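Just below is one structure, and these are the notes that go with it.
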């Protein structure tokens, strides 16, 4: 499943395609959304917001389309008039004069009014987004030490969207390797230096992935600005200590770590 950085890049692509352009056609597959089709013609998308793995597409008439791709949903950008050859089921079409965005296969789609943005069950439950530029390491540290989270093992905590939105398995693996901790650690047991390092890594690694993953710098090892240090690298040598990277299962998800320097 895509994690926060991939969801944010998808949102960027949608914004680049249709933000600020009048909608010339709108179509929804679900009957409960049909009434909004005519209300959105002539309106425009003001911005696309991410809340973890959910997208909020905000329109100029104050309506907001909530969508969560879950495992199978996918957005595509096409030239208006183009019909992609796909076996996926179309759920949403937002068309402008030159570009159209299409949502396929997703089932968790709703239209929200402004007052519903604070009462929607998922949006109420989800924690602050790691890609929100206003989120600071100090706030993350406070959340780590809060009664709700301080006694939780990182194996599960770093996958819990109520703690921080946008984290997922590859980020969990890379963050814990970066700070030399295991999935069995808890915030309440860390010293001040460990806590500070973790609070910074929880923001820096997702943001670095969002900003640079897929970009190439020939001066970097293997050319990649963001690359996995341990994820999917079981059996290889740890670049920090030379130990052998191992694979196990934590919180029902594959977990990669180095026993030599994560303890």
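Cβ atoms here come from the backbone N, Cα and C positions, even for glycine.
Zinc finger is the annotation Swiss-Prot gives to one range among 194-228, 229-263, and that range is 229-263. For the zinc finger (229-263), the residues of the chain that approach it from at least six positions outside its boundaries are 155-156, 159, 169-170, 172-174, 176-178, 180-183, judged by C-beta separation under 8 angstroms. Sorting each residue of the zinc finger (229-263) by its DSSP state yields 0 helix, 12 strand, 23 coil. Look at the Cβ of each of the binding-site residues 70, 169 and count the other Cβ atoms within 10 Å; the largest number goes with 169. The average pLDDT the prediction assigns to the zinc finger (229-263) is 95.
Look at residue 2 (active site, schiff-base intermediate with DNA): DSSP puts it in coil.
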